[in-house]
Amino acid sequence: MRGAVLRLGAARGQLRLEQEHLLEDIAHVRQRLDDEARQRQEAEAAARALARFAQEAEAARVELQKKAQALQEECGYLRRHHQEEAQAEARDALKCDVTSALREIRAQLEGHAVQSTLQQEEWFRVRLDRLSEAAKVNTDAM
């Protein structure tokens with residue numbers, strides 16, 4: 001009987017030891033679960049930020065396309081208008097130097113086109129820099 005009591009005591013000690021190990025394993029698994037949940041939330045936040053970035057970039061692209069189309073239409077209008085004016089001036093004043101007038105008008109049109117293009121490029125660079133900073137912040141946050 002004494003041997004049975006000793007065996008039961010040893011078994012009890014072994015069970016307590018196993019229980020402690022199981023509690024440690026449970027705590028470790030919970031910590032891993034918490035870490036993975038946090039990482040998943042961070043990844044989801046980064047994915048949302050990238051989706052917003054993509055939407056903003058697409059909106060900027062569409063806006064720039066609209067501006068480019070408007071500039072092309074304006075350029076076509078200016079060309080037509082210029083041609084009409086040049087023809088009227090040629091009829092009114094044959095002595096006028098048509099070549100120099102056309103060069104001057106063309107230079108003005110090119111100057112306006114270059115200025116407009118530069119303004120668009122600057123706007124796009126600023127917007128792209130802002131979006132890149134936001135993406136970098138989100139990437140750093142991950």
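Glycine is no exception: its Cβ is also placed from the backbone N, Cα and C atoms.
Feature annotations, reproduced from Swiss-Prot:
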type	residues	note
COILED	26-74	coiled coil
DOMAIN	1-142	domain 'IF rod'
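Across the coiled coil (26-74), mean pLDDT in this model comes to 96. The DSSP breakdown of the domain 'IF rod' (1-142), given as helix, strand and coil counts, is 135 helix, 0 strand, 7 coil.
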